[in-house]
Amino acid sequence: MTFWITSSIVLFFIVVISAYGPLFGLYGEMIHKEKGDDHK
Amino acid sequence: MNIPWGNILVILVLGVIFIASSWFISRKVSTADEYISGNGKLGVAFGTTSLLAFWITGNTIMAAPEAAYGLGVIGAIAYSFLGGVAVVSFSPLGKRIHEIIPNGKTVGDFYKNRFDKKNYYFFMIMLFIYMFGLLMTQGIGGGLLLEQIFDVPYVLAVVLTFIIVIAYATMGGFSSITGIAFFQVMLIFVVVIVVPPLVYFSTGVAPIYTGMAQFAPEKLDLLLPAGILFMFAGAMFAIGEVFMDNTFWQRAYAVRKDKLMSIFGLAGIGWFFVPLATATLAFVAIGTNQAPAEVNQVAPFIAQIYGGNFVSWVFLVGVWSALASTIAAILNALVSLLIHDIYQSINPRADNAKLLRISKILTVVIGVLALLISLPKFLTMLQMLIFLGVINAAFVFPIIYGLFWKKLDATVSFIASILAIIVGYIVYYSVGDLQGVVASGWVSFLVCWIGSLVKPADFNWNKLYRVGQSQASEVERK
């Protein structure tokens with residue numbers, strides 16, 4: 001039980017960090033250049 | 001059998017009000033786009049209530065007290081936490097969706113253009129399974145609820161509910177559903193605001209606490225292991241539901257971009273208090289050592305004992321509104337997927353009038369189909385939700401990383417979701433249901449993360465940005 005509780009808590013925080021991380025520049029990209037095809 | 005005409009009359013009156021309101025709103029709906037996805041200008045009030053109306057389901061009002069009855073205080077907090085946090089977690093995704101796919105219509109637009117065909121078809125199959133499953137839980141749950149608590153025969157309850165919902169959802173589509181949602185959420189809040197205080201005025205708070213400490217002291221324990229697991233594993237499947245569900249994507253596209261974070265944030269916080277309030281009724285049952293015949297009836301059971309017929313009817317109005325609004329939103333979300341992702345790819349030249357006509361026909365067809373498969377009573381709502389939760393959890397990371405991270409490769413995403421579902425169901429049957437959800441989420445995360453580092457892609461976001469641009473400029477020209 002302890003294993004599953006711990007892994008569910010850790011997984012929950014991974015989801016929250018993954019969802020909010022880009023807002024704080026943690027990974028990925030948040031701002032999209034709206035014009036120009038050179039953007040990647 | 002005695003037919004409870006008073007209870008049926010309450011539903012009929014509500015039904016007539018919903019249908020009349022829908023007819024009024026539908027007069028302004030002239031395009032297929034408005035019918036399936038609104039006009040993209042929903043503000044804070046209608047945006048928030050539309051999200052709340054969909055997300056406050058029959059489960060929210062009935063299963064939260066059940067969780068509180070079984071797990072005590074932590075059960076009530078866990079249920080409120082899992083649904084609330086799921087909507088709040090979607091807010092950065094919604095903001096990103098507006099930025100990178102500004103003219104998208106469905107979650108299918110994202111999957112089709114961000115990944116490849118195999119991902120798209122697999123996701124769509126899983127999405128239809130999930131959405132039909134959800135539709136069934138609402139239909140069956142609604143029928144059981146009306147039968148067990150309000151004595152309305154099961155078949156009559158299901159038929160009545162679906163006919164009313166099909167009628168008002170068909171008339172004005174998305175616009176009607178979001179318009180009526182405002183009214184439905186007000187009715188649901190009446191239950192939340194009126195019923196628990198009325199019950200507690202009658203019983204007193206201190207005697208309930210003393211009773212709980214005497215009869216079931218473990219239910220006052222905030223660190224009960226089963227409760228903690230339910231809280232976080234439950235959050236995982238709720239987050240998966242929200243991220244995958246086209247109903248939320250439709251609303252992300254439909255609300256104003258500048259208000260999106262506030263709308264999803266407010267909806268999540270607002271949702272939190274609904275199950276929490278109804279769950280407190282279970283504490284009365286524990287504290288007074290009273291047990292209902294079926295554990296999922298604990299809230300209306302207590303409401304009827306301490307509030308009498310009036311409170312019982314208030315409860316009926318709130319719960320039925322919650323069911324109707326959820327069924328209507330799912331119907332519309334399914335029609336939107338079928339029209340946009342399937343019909344328009346088969347018949348891209350279909351004009352607006354034809355699309356509108358097909359959308360209405362599809363609403364009726366799916367509604368009748370859902371009605372028919374809801375007639376046999378063969379599962380419970382919570383079991384079905386956790387069972388589908390394994391699928392929901394598998395798509396959490398492909399969606400998050402697909403939206404934010406250009407390194408996520410299409411094949412990696414495909415392997416992650418398939419492997420997560422397989423491992424998830426193996427654990428579901430061999431270890432436990434909630435453990436299956438957790439395992440699915442972990443596999444989805446590890447494969448996506450490691451796969452992106454080992455085999456990084458270089459996705460061009462402009463591919464998503466151009467989705468639906470020609471259609472949008474055509475509409476502007478008109």
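Every residue gets a Cβ built from N, Cα and C, even glycine.
All annotation found in TrEMBL is predicted automatically rather than curated by experts.
Annotated transmembrane segment per TrEMBL: B:6-26 (among others), in sequence order.
According to TrEMBL, the feature transmembrane segment maps to B:38-56 (among others).
Counting only same-chain residues 6+ beyond the ends of the transmembrane segment (B:68-90), those with a CB under 8 A from a CB of the stretch are 51, 55, 60, 212, 216, 218-224, 226-228, 230-231, 234-235, 237-239, 241-243, 248, 252, 264-265, 267-269, 271-276, 279-280, 282-283, 285-286, 295, 298. Annotation source TrEMBL lists transmembrane segment at B:68-90 (among others).
Look at TrEMBL and you will find B:120-140 (among others) tagged as transmembrane segment. Long-range Cβ contacts of the transmembrane segment (B:120-140) within its own chain (Cβ-Cβ under 8 Å, at least 6 residues beyond either end) map to 57-59, 107-108, 111-112, 158, 161-162, 241, 244-246, 323, 326-327, 330-331, 333-334, 337, 341, 370-371, 373-374, 377-379, 381, 384-385, 387-388, 391-392, 394-395, 414, 417-418, 421.
What TrEMBL records for B:152-169 (among others) is transmembrane segment.
TrEMBL lists B:181-202 (among others) with the feature transmembrane segment.
Beyond its flanks by at least six residues, the transmembrane segment (B:222-243) meets 55, 67, 71-75, 77-79, 81-83, 85-87, 89-90, 93, 130, 134, 385-386, 388-396, 399-400, 434-435, 437-438, 441 of its own chain at Cβ-Cβ distances under 8 Å. Per TrEMBL, transmembrane segment is recorded for B:222-243 (among others).
Among residues of the same chain six or more beyond the transmembrane segment (B:310-343), those with a C-beta under 8 A of the stretch's C-beta atoms are 6-7, 10-11, 14, 18, 32, 36-37, 50, 53-58, 60-62, 105-109, 112, 124, 127-128, 131-132, 134-135, 138-139, 141-142, 145-146, 149-150, 161-162, 164-166, 168-169, 173-174, 177, 180-181, 184-185, 187-188, 190-192, 194-195, 198-199, 245-247, 250, 299-300, 303-304, 350, 355, 358-359, 362-363, 366-367, 370. Here TrEMBL flags B:310-343 (among others) as transmembrane segment.
Summarising the annotation, TrEMBL assigns transmembrane segment to B:355-375 (among others).
TrEMBL lists B:381-404 (among others) with the feature transmembrane segment.
Beyond its flanks by at least six residues, the transmembrane segment (B:411-431) meets 115-116, 118-119, 122-123, 126, 387, 390-391, 393-395, 397-398, 401-402, 437-441, 443-444, 447-448, 451-452, 455, 457 of its own chain at Cβ-Cβ distances under 8 Å. Feature annotation from TrEMBL assigns transmembrane segment to B:411-431 (among others).
Per TrEMBL, transmembrane segment is recorded for B:437-454 (among others). When Cβ-Cβ distances below 8 Å are used as the criterion, the transmembrane segment (B:437-454) is approached by residues 232-234, 236-237, 240, 386, 389-398, 401, 405, 407-409, 412-413, 415-417, 419-421, 423-424, 426-428, 431 of the same chain, each at least six residues removed from its ends.
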Cβ contacts under 8 Å made by the transmembrane segment (B:6-26) with residues that lie 6+ beyond its boundaries: 146, 150-152, 156, 160-161, 164, 167-169, 171-173, 175-176, 179-180, 183-184, 313, 316-317, 320-321, 324
